[in-house]
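J.: Handing you a structure now.
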Amino acid sequence: MIHTVKGEIPIDSMGLTLIHEHMLVDFIGADSVSQDRYNRELVVEKVLPYLLEVKQYGVKTIFDCTPSYLAKNPILLKDLSEKSGIQIVTNTGFYGAVGGKYLPNFVFEESASEIAERWISEFENGIEGTGIKPGFIKISVNEEEPLRGIDAKLVKAAGITYQETGLQIVSHTGTWNTARQEIEILEEMGINPSTFVWVHAQAEQNFQNYLKAVEKGIWISLDGIGWGTEEYVERLHFAKNNGILDHILISHDAGWYDPGKPDGGDFQPFTGIFENLMPALNEMGWSQTDWELLLIENPKKAFGILEVEMN
């Protein structure tokens with residue numbers, strides 16, 4: 001099973017899945033973010049056509065990766081899910097990148113265990129009194145070596161939350177050097193790296209590091225396809241030729257309604273994979289089986305493995 005904003009569904013019913021998108025993001029910062037900064041009905045009115053558009057390509061499930069304090073709104077997501085017919089999965093977790101701008105002050109004071117208690121409570125009781133439960137953990141770290149103390153604490157909190165809930169750890173990361181440090185923390189906790197999704201792995205320039213990641217069982221997320229396809233053609237062709245396509249996830253990192261801009265700003269569609277990436281790779285000999293692996297089987301395995309481990 002996996003939790004969507006409308007309740008639990010069997011993992012097999014996820015279908016064609018986009019694992020990293022955004023409906024709404026507010027960049028104002030943790031100290032000022034508020035639902036008063038936007039009208040939920042207007043957000044639905046703007047976002048819904050983009051969901052209906054991508055639904056025509058067979059998309060059945062979308063993971064919304066907007067975390068707390070960046071305008072995560074489970075009720076908004078439920079509205080969009082009900083109106084579009086697309087299953088939407090939300091998250092628990094905090095976003096440490098951009099120097100901690102999107103972290104509330106208490107995160108700097110609390111221990112990893114105390115932070116994890118908050119996330120575990122969302123899994124057990126629902127998010128902010130809505131009854132809507134997260135389907136994964138979403139964190140974010142800064143690209144530094146060594147990791148900042150606050151970022152290491154977020155990784156540890158994610159590890160503790162995984163140990164209590166089985167939720168997959170999805171971390172806005174970037175390069176392998178940063179992902180490697182996160183994995184070291186999790187391994188020290190006795191956690192298998194297969195619980196970890198390396199987000200924004202397209203930032204890695206040394207493709208050999210993709211092979212190192214897959215050797216550990218890590219999921220590699222190539223997820224900025226909404227903003228161009230050329231670098232993804234190269235990386236995905238490498239993955240297929242090196243036999244690691246079964247550990248690759250793809251998505252657009254597209255959207256999103258921004259309350260800080262007039263009418264929410266320019267919304268990036270969720271269609272780049274279908275309109276641009278697929279034709280480019282199909283010309284290189286890709287098959288329907290390859291696409292089903294990336295968009296149906298891999299998401300199901302990445303987010304369903306942990307249920308098997310917990311049974």
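The backbone N, Cα and C atoms fix where each Cβ goes, and this holds for glycine too.
Heads up, here are the entries from TrEMBL:
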type	residues	note
BINDING	H20, H22, K138, D253	Zn(2+) 1 binding site
BINDING	K138, H172, H200	Zn(2+) 2 binding site
MOD_RES	K138	N6-carboxylysine
J.: Given the Zn(2+) 2 site residues K138, H172, H200, which other residues of that chain have a Cβ within 8 Å of the mean position of their Cβ atoms, reported in sequence order?
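T.: The answer, listed by sequence position, is H20, C65, Y95, A97, I139, S140, V170, S171, T173, V199.
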J.: Among all chains shown, work out which of the binding-site residues H20, H22, K138, H172 has the most CB atoms within 10 A of its CB.
T.: K138
J.: Suppose the Zn(2+) 1 site is H20, H22, K138, D253. Which further residues of the same chain have a Cβ inside 8 angstroms of that site's Cβ centroid?
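T.: Going along the sequence, the neighbours appear as E21, F63, D64, C65, T66, H172, V199, D223, S251.
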J.: Would you count the other C-beta atoms found within 10 angstroms of the C-beta of D253 (Zn(2+) 1 binding site) for me?
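T.: Neighbour count, Cβ to Cβ under the 10 Å cut-off: 24.
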J.: Mind giving me a neighbour count for H200 (Zn(2+) 2 binding site)? Other Cβ atoms within 10 Å of its Cβ, every protein chain shown.
T.: 22
J.: Whole-number answer please: how many Å between the C-alpha atoms of H20 (Zn(2+) 1 binding site) and H172 (Zn(2+) 2 binding site)?
T.: 10
J.: By the DSSP assignment reduced to helix, strand and coil, which category contains H20 (Zn(2+) 1 binding site)?
T.: strand
J.: Tell me, in order along the sequence, which binding-site residues from H22, K138, D253 have their CA within 10 Å of H172 (Zn(2+) 2 binding site).
T.: K138
J.: Any idea what the Cα distance is from H22 (Zn(2+) 1 binding site) over to H200 (Zn(2+) 2 binding site), rounded to a whole Å?
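T.: So the Cα of H200 (Zn(2+) 2 binding site) lies 14 Å away from that of H22 (Zn(2+) 1 binding site).
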